[in-house]
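I have placed the structure first, in the form of C-alpha cells, so that the comments after it can refer back to it.
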Amino acid sequence: MPRSYEDELKFLEKLSPCSWLIKKGFVPNMRVEGVFYVNDFLGHLMFDELRQFTQSGDYGGFLPGMKQIANVAALPGIVHRSIGLPDVHSGYGFAIGNMAAFDMADPEAVVSPGGVGFDINCGVRLIRTNLTLKDVLPVKEQLTQALFDHIPVGVGSKGIIPMNATNLDEALEMGMDWSLRQGYVWADDKEHCEEYGRMLQADPSKVSARAKKRGLPQLGTLGAGNHYAEIQVVEEIFDRHAASKMGIDQLNQVVLMIHCGSRGMGHQVATDALLEMERAMKRDKIEVNDRQLACARINSPEGQDYLAAMAAAANYAWVNRSSMTFLSRQAFAKIFNSTPDDLDMHVIYDVSHNIAKVEEHWVNGKPTQLLVHRKGSTRAFPPHHPLIPVDYQLIGQPVLIGGTMGTCSYVLTGTDKAMTETFGSTCHGAGRALSRAKSRRTLEYSDVLENLAQKGISIRVASPKLVMEEAPESYKNVTDVVNTYYNLSIYDLVLNMRFLVLALVSGTGVQPWDNFLLDVCLLSLLVLAKILSTLLLSFMAIDPLSDQDQEVLGQTPEDIDSTLGYRDELLTGDCDASSNKGGLNFAPPTMDGATLLFSRYGLRDTPLLRVIDVIWVQDSDESDLANLSRGLRRLPIIAGSLAGTTAACMCAPGIFNEFKNNNQLTLWRTREMAKVGLLCMERSMMYGCLHITCDSFKHCTSYNDP
C-alpha cells in the first residue's frame, strides 16, 4: 500500500539548515541511511517532487530524487551513507548528483553502471588565457564562429582528428598519453587533469566492437544536449592566492570552459554492461529496489569487465576533451593572430563528474579501499592530497562547477571536511529544474535568445529547441547550489566567471526548413514502407512456441508474455522507460531499446540488427537518445525506422526459406523482430507528423539563426 506524503515525511529529518537525513524504512531493505544537502529553496523543489509522486504515483519518468538516493542506500556493500548533493535531481537508477561508496573488501559489494551514468567521464575542462574582455569584444562574433567552425557539434557530428582502429585502441588504453604522443596537448595539460588523464586499469579488449564503432568517428566533437564550449570572463575573485596559483590574476580575464564526455562510446559501454549485469544479478541472486540499479559484484567477471571498459571509455573522454582543447587553441590563434603559447592557453584543471574509481578513505577510524561512484558529482580533494598536482598542493584540488547560459560558473577548491562528509565529493553544476520536454512547452526560443542578447551573449546553435532546453530558466540557480555546500565548509570559493562574452552550444547542424522538406519526403516513403512491412507480417502467422522452443529460449511462457507485453508498451509509448519492468534510460523508438529486447531472445547477431547498427546506431550518443525519449528528433527516427523496414524486406528471402524448413523457433524470433521494427515505424510516423505540423512549420516561418 503506497504511503501518503505525510507518512513519507516521517522518515525525513532535518539535520541542519542545509542537510536532511533519510531514515531506514523510507524504501525497503536500506542498509545505511541517506542524506541530501539543500538550502530552503532547493529543498522546496525536492519535496514538491516527492509530493507529486505520492499523489500521482509518477514523476516525469523517474522516481523522485529522494527515493533514488534511498534505493542506492539499499545496495550491497555500501558504506556510510548514500549522499545527495545540492544539484541532485532524478536520473537513471542513481539520481544525478548522487554519490555512494562501496567497500572493496566486502565480497557482496557491487558496482552499478547507473551510479556512473551513460556518458562515462562526462566532465569539465577550464583553460585560461591572458586576454581580457576588451580584447575579445571587438572580435566576439568572429571568435564565436571560429569555435563553431573548428569544433564539430551536434548529434551525429564527426571529428576531424585522424583515427583508425589501431589508434582508437591505443587511445582507449593510454588516455592523454596518446594525445601527448600525437601532439594534441602540452605536457602540463596532463599534469592538470584528474588521474593525469589516464586510468591505468583500462582494457580496450573489454570494449565491444559496437562501442568502438560508435566512438571511432566522434573524437574531437561536443555532441549535443547540455555539452558546450563557452568563453567566459572572470567576474569575482574570492581567494586571490588560490586564483594566482591557477594563473588568474585580474577581473575580466578570459577563460574557456569545455563540457563533454565519451559520446556514443561511453553510452554503448554502459548499455552493454547493463545487459550483462541483468544476467549476473539473476545468477548471484542480487535483489535491488529499482531495476535501473542493475549491478554486479565488484570482483565478479561482469564487475571487473565493466570497470575495465568504463576506464577505457573514461580515457576516451579525456582524449576527446584534449582534442577539443587543440581545436580551440587553433581557433583562438587564428582570430588573434598569435600562438596558443603566447596567449597563455594553459589548462587550469580537468575534472570528471560521471565516474567510479577505487580510492582510499577513512571509514570507522581506519583507511579503507572504496569504489566511489560519482554521478553528477565532482571530486574535491583537499590540500596536501597525493593525487592532486604539485602546484595545487597548498590550495587543494580545483573544482569546476558549470552554470547555465546567462548566469555564471564557479571554481572552488576541496577541503578536509569534504573527505569526512562526502568522500571528497561535491556538486557538478546547477542541476535541472525543468525537464527538457517541459522547457520546450513553457519557454519560447525567441524570448530566450532576446534575453541572452540583452546580456551581450553571442550564441551559435543550429536547433532552436536546444536554446529552450538549455535556457537559464530550465536549471536551478547555480549560486544557490554552490552556497549550500560553502555554508557547510565542504569547499572554498576561489572565483566565478560570467557568460557575458559568448557561448557555443551544440546543435544538430540542420536548418529547420531543410528538416521540414526532408520530413515530408521521408514520411511519404514511410507510408509505403509500412504497407510493405504489414504485408510481410501477414505472411508470418505461426503457431505458439512449443515447450522445447521455450526451453531453448530459457524462459517460461509467463516470462515471454511479460517481456513481450513490456516490449509492446515500450515501443508504443504506453510504458515509461524508467518503469521497474525494465529497459534502459530512454524510451523508444530508439533502436537501443529494441536491441535490449533482441538480446533477450538471442537476436543480437541477426542481419536486421547489423544493418540497423550501421545506419542507426553509428551516429547516436547519449544526449541524442535522451532527446529522442523526450522530443524525438525527427530525422534520425524516420531514417532509422525506414532503414529497419528496408532491412526487414532484405531479410525476406531468409524468412521464406525458414518457412520451407518449418523452423518454428527461428520463425518466432523473426516475427518478433519484425514487430519491433513495425512498432518503431508507427511511432516514428506519428511523432514525425506532429513534429512537422506543430514545430517545423512554425520554425521555418519565424526562426532566424543568429
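Glycine is no exception: its Cβ is also placed from the backbone N, Cα and C atoms.
Residues annotated as Mn(2+) 1 binding site in TrEMBL: Asp119, Cys122, His227. Under DSSP, Cys122 (Mn(2+) 1 binding site) is assigned to coil, being neither helix nor strand in the three-state scheme. There are 30 other Cβ atoms within 10 Å of the Cβ belonging to Cys122 (Mn(2+) 1 binding site).
The annotation Mn(2+) 2 binding site is assigned in TrEMBL to Cys122, His259, His353.
Here TrEMBL flags 226-230, 353-354, 402-405, Ser409, 428-431 as GMP binding site. Proximity of Asn354 (GMP binding site) to non-local residues of its own chain (separation of 6 or more, Cβ distance below 8 Å) is seen for Val116, Gly117, Asp119, Ile120, Asn121, Cys122, Gly123, Gly261, Arg374, Lys375, Gly376, given in sequence order. DSSP assigns Asn354 (GMP binding site) to a strand.
If you look up TrEMBL, you'll see His428 marked as active site, GMP-histidine intermediate. Around His428 (GMP binding site), a 10 Å sphere centred on its CB holds 29 further CB atoms from the protein chains shown. DSSP assigns His428 (GMP binding site) to coil in the three-state reduction, outside any helix or strand.
In the three-state DSSP assignment, the secondary structure recorded for Tyr228 (GMP binding site) is strand.
His428 (GMP binding site) sits 13 Å from His227 (Mn(2+) 1 binding site), counting Cα to Cα. The secondary structure of Gly403 (GMP binding site), as reduced to three states from DSSP, is coil rather than helix or strand.
Between the listed binding-site residues, namely Met405, Ala430, the fewest other CB atoms within 10 angstroms of a CB are found at Met405. Here the Cα atom of His259 (Mn(2+) 2 binding site) is found 11 Å from that of Gly403 (GMP binding site). All protein chains shown were included, and the count of other CB atoms within 10 Å of the CB of Glu230 (GMP binding site) stands at 23.
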